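Shown next, in structure tokens, is the structure this report addresses.
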Amino acid sequence: MYQDLIRNELTEAADVLNKFLSDDHNIAQIEAAAKMIAESFKQDGKVLSCGNGGSHCDAMHFAEELTGRYRENRPGYAGIAISDPSHLSCVSNDFGYDYVFSRYVEAVGRKGDVLFGLSTSGNSGNILKAIEAAKAKGMKTIALTGKDGGKMAGLADVEIRVPHFGYADRIQEVHIKIIHIIIQLIEKEME
């Protein structure tokens, strides 16, 4: 009954991934992001990750696989998702939702750390402010975006953009693949 719908959804997902794969710049940016994070870890730095909605879940997943493990046992890496409910609700209430990530970056981020921000539109105000706060602290910045990169286009040190203009879930599907590859490359860099 739904077999055509299922095939169409999987075909569209594959098409989005194949379009992303066809641009060598995307592959180079993934490698650059992994090397940037590994270099920070080698200098006792950390990565702070943030996003909204499904991207927030991806930011937490990224941090969890850094501190826990990806595929193989290895020492944990300093990955922190900006996801503490008391922090998020306090800052949202007292300063506004646009500041939930930047306030954390200002408090916890240090020169040499990395901010890893996810926004499928590239227009999330709170991620933009987090990138600005990270740069002010001397941190490196990585943005996972979609569509045309939105306001984040060209703002981060490394931007990895999924150029899909349909629903955000297709962008998120590629983002999670990128996250897993970045972790795999970090592990190789840290050997």
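Cβ from N, Cα, C; glycine included.
In three-state terms derived from DSSP, Gln172 (substrate binding site) belongs to a helical segment. Taken from Swiss-Prot, the feature substrate binding site applies to Asn52, Gly53, Gly54, Glu65, Asn93, Asp94, Ser119, Thr120, Ser121, Ser124, Gln172.
Annotated Zn(2+) binding site per Swiss-Prot: His61, Glu65, Gln172, His180, in sequence order, evidence recorded as sequence analysis. The Cβ of His180 (Zn(2+) binding site) has 15 other Cβ atoms within 10 Å, all protein chains considered. For the recorded site, His180 (Zn(2+) binding site), the DSSP three-state label reads helix.
Taken from Swiss-Prot, the feature domain 'SIS' applies to 37-191, supported by sequence analysis.
Confidence in the domain 'SIS' (37-191), given as mean pLDDT, stands at 98. DSSP assigns Asn52 (substrate binding site) to coil in the three-state reduction, placing it in neither a helix nor a strand.
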